[in-house]
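Down below is the structure, laid out as structure tokens.
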Amino acid sequence: MDRQCSERPYSCTPTGRVSSAVSQNSRISPPVSTSMKDSSCMKVHQDSARRDRWSHPTTILLHKSQSSQATLMLQEHRMFMGEAYSAATGFKMLQDMNSADPFHLKYIIKKIKNMAHGSPKLVMETIHDYFIDNPEISSRHKFRLFQTLEMVIGASDVLEETWEKTFTRLALENMTKATELEDIYQDAASNMLVAICRHSWRVVAQHLETELLTGVFPHRSLLYVMGVLSSSEELFSQEDKACWEEQLIQMAIKSVPFLSTDVWSKELLWTLTTPSWTQQEQSPEKAFLFTYYGLILQAEKNGATVRRHLQALLETSHQWPKQREGMALTLGLAATRHLDDVWAVLDQFGRSRPIRWSLPSSSPKNSEDLRWKWASSTILLAYGQVAAKARAHILPWVDNIVSRMVFYFHYSSWDETLKQSFLTATLMLMGAVSRSEGAHSYEFFQTSELLQCLMVLMEKEPQDTLCTRSRQQAMHIASSLCKLRPPIDLERKSQLLSTCFRSVFALPLLDALEKHTCLFLEPPNIQLWPVARERAGWTHQGWGPRAVLHCSEHLQSLYSRTMEALDFMLQSLIMQNPTADELHFLLSHLYIWLASEKAHERQRAVHSCMILLKFLNHNGYLDPKEDFKRIGQLVGILGMLCQDPDRATQRCSLEGASHLYQLLMCHKTGEALQAESQAPKELSQAHSDGAPLWNSRDQKATPLGPQEMAKNHIFQLCSFQVIKDIMQQLTLAELSDLIWTAIDGLGSTSPFRVQAASEMLLTAVQEHGAKLEIVSSMAQAIRLRLCSVHIPQAKEKTLHAITLLARSHTCELVATFLNISIPLDSHTFQLWRALGAGQPTSHLVLTTLLACLQERPLPTGASDSSPCPKEKTYLRLLAAMNMLHELQFAREFKQAVQEGYPKLFLALLTQMHYVLELNLPSEPQPKQQAQEAAVPSPQSCSTSLEALKSLLSTTGHWHDFAHLELQGSWELFTTIHTYPKGVGLLARAMVQNHCRQIPAVLRQLLPSLQSPQERERKVAILILTKFLYSPVLLEVLPKQAALTVLAQGLHDPSPEVRVLSLQGLSNILFHPDKGSLLQGQLRPLLDGFFQSSDQVIVCIMGTVSDTLHRLGAQGTGSQSLGVAISTRSFFNDERDGIRAAAMALFGDLVAAMADRELSGLRTQVHQSMVPLLLHLKDQCPAVATQAKFTFYRCAVLLRWRLLHTLFCTLAWERGLSARHFLWTCLMTRSQEEFSIHLSQALSYLHSHSCHIKTWVTLFIGHTICYHPQAVFQMLNAVDTNLLFRTFEHLRSDPEPSIREFATSQLSFLQKVSARPKQ
């Protein structure tokens, strides 16, 4: 034992004894006895003077006192005791590593690691002593000790030369030792050597070189160490790494003669092709050997030798991925010096039979062909490595390499292996080209085919998973291709953008993507080295939460880098052509994704858009003098996305809009914005993982600080204000694009987009609506989108935008809406109402529509001899007429219609005349056809006629409307021959009803008398001749002026106008003495009522009516009572024509005397009410019509209440409810009138007309219901019996309501009649 201890370097006796004691009895607990501690302390104290590893002072100061020295000795004693305890504890833990279970082993290793960080030298000494004291320990125990020693050496800051030599010798002795643990035992020993290299790699490298150049093929462990050293990035500094690589090259040069040694060459090839425990990962020894082989071939001067070795290598199996990568690396390294030879070998190998069989056109003949299945992948990787390693001479070869790669891509079996090989090779090729000087002076003609392969590859990527870097690699390659000459054509570039956007943006949500991706990822390979791991005591934790968490983190990183690759590609494209056209081209492919219905697609698209704008804003690549193209569309889309429900989309949209604002300001001022740091003028080359120049990580890493936020106030504004400020910087064309974008957004199915589009449209019109030039197409588009807007607030804002737009573009909007108003639907009508929401605009809309009515083309042969009208013009005219009709009912146009009544009134009458002109026959026709042609179709004249009716009714002139409606005079407006009579009746009604609009209409029609259009002059003279009877005429047109106007009419080209002017000149207004003459003719005319001829009587009654009209304000005087009495006597005449004429004359008399209070006439009116009421059911339609009209006129004279309701009832109501209302109006006036009316009704019970008898019976029935006593006091027995018989007869009436009423009245009558009279 003493001998052993004396031979140990820097070994201390106490530690040795403790080690011996522990080794002799493994069951002793870690704490040692007190005696042992004392003995150890003495030994340690004796040897402490010659040790340099202790940290306490070795010199005793002589001037210290005895007590100070005693204290120092006590401290040293405690320190030595602590070290001894630590050594003993470590020794015991090293011993327990042999039998510890996995969990205890993990605990021991952790404790030793902590000790090594505090005192690595002590731990190394303890482990060394343990090896010396226990030479027969098991291989598994040694394996664990090697691992521990590797950890301790790595934790040590300095490794002393003695320990370095000792552990180097220990490693070299065990690296080649064969044990039951196989390779993992050797690798553990080799890793010790690697750990020593951290402190002194040159010494280790010298050992390795010596072993490598012996002429005997080196052992696997030696290659393992060299492989680890070559692949590690942490062992060497940059300078040492270069030295190591240079030393490898020198080793390769010295190894060239070995290529001629058959045994060495075969051993090399066998080692390279022997399958490993796993082919998923390349072992360090194989990875180094492929590199070393390539360096040797690179150093070989004989090209034939190089070809022979490469051919032999390629003829081995290509089944495993790492094998293919290694072959490609060897070929690439050889190509650095032997490019022609390598190219020839690859070309020959590509044409060989195994390769041809591996293509899809030929199926494998047997299972051995499986080793050739992925040979195409090897070739692809080889071309990539050739380009990467021989980049100094590669430019002339690029097109050839690309053509070969494209060929193998298209004609090889498609799988993940081929795809990844193709991408890897292409990345290496693009890297070599980009790093080659003079690449920009070359033109590469195969880039478009390579780009097509990339697009095919991305389209084949599964759309629901993201497991690989294929997408980002393909986009990085595309970014590099964009820099080469010649530039990519627009069509291919468009395909590239569409493919990339679809492949990235259309990926599912991250949660769904994570779920799908984790299912596709391979679980940990628990079969890796199963026997060796089991023997070594290794464990596997399984596929648990940590693995899932790793999957999530991996996916997040993969997704982020994929998005960054897309952003980098967009930045590369804009850098190659930094123009506004190129920016618009790129953004135009983004718009479809910015408008996606899926939130995550919008979020991704707007993020890429924001990154691109931020890149341009911070680097100022675009020329400030160049105008943006269609930037308004981008502003509109970003503005809508600022209202996106997704918060991330909102933020990106707002930030993108802010950067866009700064770009616009830059272009406006003509000064490029500068980045915080100096902006590069070219995109920097992507690093190994392809990070873009400006990406989302940069955004997160450098957020806008408070100072920059304060400087760039735009980033502090809300989205509404940002978009509003941007609008201020847009040109007119850009504003139009923005508005068009907003209009398109109205048709979206996303509620938020519709709402945002309406707000933006309203804002744009509010701020800049007056500047817009052409709004017709915009208005049409709004109409198309309006039907799909179901959000009330959005529709309201859209219509409000139309209202604001109409302030400056009324005529254009009216013309546009006219073109889409046939047929008129609710959405178009809403637009018309929006036009009139402003009072000034509503007047202008009506004026514009009236101006449209002036375009009245006539067919050939019409009175104006105008050319044949175009169909479009006629439809426009019809639409204007229809809108004038519909807008009268719109609340927004109520005031405008009221104020524009005179113009509308004359225009509608003129339009009706025009429509009737269109329906005149153009040539002589048979009698029946002529009659049909003379009657216009309902569509031709109904619109203007209905518009006139609604004008009268909606503006408060319903009295005038009632006059024509109750007479059924609207039919007069349907033929050209009766049209003048209809206009005359309407004008007469206005005069009789004292219409307030007569002065205004007069002022409006006077200019029409001078119109070049005959129809306008005709309408004006028709109305003027009737207005001559109005008292207010002289307020507008003095008598002399009226005479002048009528005299001028005598010279009018139109015969009709001349006749009407002549009739006007004969008016009593100009001949006052004519009144007495006409009054004197009334008595003889009344005597003529008793002529024998019916026609004569009717004609005389008509003459009397005309005389009453011509007398005008003078009236008939006292003769009115006689006219009334004479006329009433014919109400019950058996002759229909005479009854009708009598009622008409009575009505004219009542109207003529309406302003005069004659008690006798009022009595006649009271007495005529029941007959008129009963004749409402007259069998003769003419009599019934005249009865209605006269009844209404009498009610007006008597000043009944609810006249409008009375008119509506007379005009349109039917049934018992109408009869009840008329009875109520008649019988509730006064007791005197009640008696008169009831007496008259009772007298009609004896009528020979069944209709009259039925009608009066119902009338009396209503009276009995409400005034039974008053009725029965006036009934005699005959009248009562007659009532019973009549009600009994009505019980069988065909009308159910009358039968029901008769039954109830009969029962009631029986009960009342049975009561005794009081």
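From the backbone N, Cα and C atoms, a Cβ is placed for every residue, glycine too.
It is 676-695, from the ranges 676-695, 696-715, 936-955, 1276-1295, that Swiss-Prot records as region 'Disordered'.
Away from its own ends, the repeat 'HEAT 4' (996-1033) comes close to residues 856, 863-864, 901-903, 905-906, 909-910, 913-914, 917, 957, 980, 983-984, 987-988, 990, 1042, 1045-1046, 1048-1049, 1052-1054, 1056-1057, 1060-1061, 1063-1064, 1067, 1069, 1109, 1112-1113 of its chain (Cβ-Cβ under 8 Å, at least six residues beyond either end). Here the repeat 'HEAT 7' (1118-1155) has Cβ contacts under 8 Å with residues 992, 1079, 1082-1083, 1086, 1089, 1094-1095, 1097-1098, 1101-1102, 1104-1105, 1108-1109, 1111, 1161, 1164-1165, 1167-1168, 1171-1172, 1175, 1178-1180, 1182-1183, 1185-1187, 1189-1190, 1193-1194, 1196-1197, 1247 of the same chain, all six or more residues outside its ends. Secondary structure counts, DSSP: the repeat 'HEAT 1' (581-618) has 34 helix, 0 strand, 4 coil. In terms of DSSP secondary structure, the repeat 'HEAT 6' (1076-1113) contains 34 helix, 0 strand, 4 coil.
Across the repeat 'HEAT 9' (1278-1315), DSSP helix (H, G, I), strand (E, B) and coil residues number 32 helix, 0 strand, 6 coil. According to DSSP, the secondary structure content of the repeat 'HEAT 5' (1037-1074) in residues is 23 helix, 0 strand, 15 coil. Confidence annotation: the repeat 'HEAT 9' (1278-1315) carries a mean pLDDT of 76 in the model.
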